[in-house]
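Annotated features, as they stand in TrEMBL:
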ACT_SITE  A:Tyr614  active site, O-(3'-phospho-DNA)-tyrosine intermediate
COILED    A:159-186  coiled coil
COILED    A:542-602  coiled coil
COMPBIAS  A:1-20  compositional bias 'Basic and acidic residues'
COMPBIAS  A:371-388  compositional bias 'Low complexity'
COMPBIAS  A:398-416  compositional bias 'Polar residues'
DOMAIN    A:209-628  domain 'DNA topoisomerase I eukaryotic-type'
REGION    A:1-46  region 'Disordered'
REGION    A:370-417  region 'Disordered'
Amino acid sequence: MAKKKEEKVSSKSKSSSKDKKDKKRKVQESPAGDSPKKKRAKKEDEPQEHIWKWWEEEALEAGIKWRTLEHKGPMLAPEYVRLPKHVKFFYDGKPMDLSEATEEVAGFYARMLEHEYTSMEQFNKNFFKDWKKEMTSHERDVITDLKKCDFRRIAEYYKDESEKRKAMTKEEKQALKAEAEAIQNEYGFCVVDGHKQKIANFRVEPPGLFRGRGQHPKMGKLKKRIRAEDIIINIGKGAQVPKPPKGKWKEVRHDNTVSWLASWTENIMGNVKYVMLNPSSKAKSMKDYQKYEKARELKDHVDKIRKNYSEDFSAREMAIRQRAVALYFIDRLALRAGNEKDEEQADTVGCCSLRLEHLKLSVEHHDEDLNSSQQSIIDNNNSINGDSPLKKVKLESGVQNNDQQSPSKDGQSSPSKNKRYMVEFDFLGKDSIRYQNKVAVEKKVYKNLILFMEGKSPQDDLFDRLTTAVLNKYLNECMDGLTAKVFRTYNASKTLQDELDKRTVPKMTLEEKMLAYNRANRAVAVLCNHQRAPPKTHDKQMENLESKISDKEKALKEAKKEFKKAKKDKDDKNKEKFKKRVATLENQLHKLEIQRKDKSENKTIALGTSKLNYLDPRITIAWCKRYDVPIEKVYNKTQREKFLWAIEMATPDYRF
DNA sequence: AAACTGACTTAGAATCCAGGGC
DNA sequence: GCCCTGGATTCTAAGTCAGTTT
């Protein structure tokens, strides 16, 4: 199947690039194909009418993002529709009519009533304060206590509405779908340098209550409605400027050094928000490609860089030692750079912003025992070219690096003592995701950490002489364009490549190959600490699987019995029959068991983020081609669109 | 050199929806 | 044919990092 796609996209024709008007349509791909158009009613086939083979074109000059740009502007959020008269808000037990603005904001809160946000003090405090600002002076006089507010009727109303939507007839749903499609076609695309490109987010964010992650000081604040007057349109000089549905744009500009189509400033954090292109677009794809090329470039420099920072562990200047140790963490543990943050944001950290309270040091005295080194860093570091990232040590909760960990055999150790210098990290990182990891580090690193901590309090910065700017400036001297985040990309992709090499054997079944792939992917997700809340249904899902498995086991047992019986009876016909059945059942059971492993190992690990942002897609595609795994097995439609450039470029022997 | 601003990538949760099992 | 589950998609917050301003 992967074949078909290849042909469609294939660019063997050197002539290339002028095939702009390439009208070739999926529908007529194979006149011989015996499935004419019976699938009409089905979802329209992949709409690749035209593929922009930008990789065969000459690049635009540095800093220029486009030559021409046309679009219809963003779609504004629908106007607020008032509640029916009978849907009442109650204050202190009594129904109360609200002004339009007050009612709208009440509705935002009502819709979140089920959510635990509404039980958080900070959220309620912020909400109430902002809500009051929307009230008339009369309302403000009456409504003085959030606890006396009863939003339940409003919440019910919205719930009913969404139930109604779900219960609509087929025709109604169809109509709605058609409408959505029309909107997508109208606003969802733009034209860049003559090529139609999909837009990622053509709808401006609707008003609502701000939901920060973690302990966000601004949670619950009112996110204001964005009007045309707030929006800057960026568009080609010659292009027709879209008309706002109401009012005027804040500004129309023609800046081809940026890639966004529209922008506005959001009122909570004061950040600029942008309308940008979809990942499948040339602009995004090319950046993606360059990102991985940059990471590959690091391969040629990383040995030197590691040697340098190891030497810098003993530098005279404290700032340099700090830089070295921070870099060591970034490199070996795939930590993020860690910019400073202010009090207006959740308290989270990355490498450079670590505080003393985020790490604990300890020395462990181990009997000489090579087995126990399975997850320590030491073996990596002590060997001259230990070049794989440090693995996590299992802490209380984590789902860890799965199968083949040979349990270390205690006891048979020699009496010689072996000191291990341990650092235990525990901090909240991006999105307030907890990073917990205990690793053995080099002695020099350990001694430096003690030095950096001397005379400080827990809330003080570990690296007080270091900022991300300083670090990145240094990195840029090591290699052109090198920054802290390149290490994450590099280590992630390298890990995938190594793990796939290690885990795949040609004779594996497709399912086994997929398990191997997922495990390789998982190793990366663990490295990068990509977590997710365990799906609410996880336990039930596991139960379901278990019962399927035990059913299958029963059936298998039964079949085996029958087989034996037939054999004894010399009943050749049945013998054959049950032999076959046993084989299929065994096969099915095996698949189920693989599924079980996969699912349970995935409980709290999110594979998507690394797949989408850290793993050079060419590694995956080459693996697919080499081991005859259909690309559809690893990448869904959206992902195939995003990685089209890689599908096109990667040969079976591609290596990161 | 610190603070600020802007542009862009990376992130997990929420919501949507299709297709497999009954 | 209907319902439920789980993957796909959407959403937007939260990072990184460079350039500019103070």
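The backbone N, Cα and C atoms fix where each Cβ goes, and this holds for glycine too.
Where the annotation comes from TrEMBL, it is an automatic prediction and has not been curated.
Nonlocal intrachain contacts for the coiled coil (A:159-186), taken as residues 6+ away from its ends with a CB within less than 8 angstroms of a stretch CB, comprise 72, 75. Computed over the coiled coil (A:159-186), the whole-number mean pLDDT of the model equals 85. Of all the Cβ atoms in the protein chains shown, 25 others lie within 10 Å of the Cβ of A:Tyr614 (active site, O-(3'-phospho-DNA)-tyrosine intermediate).
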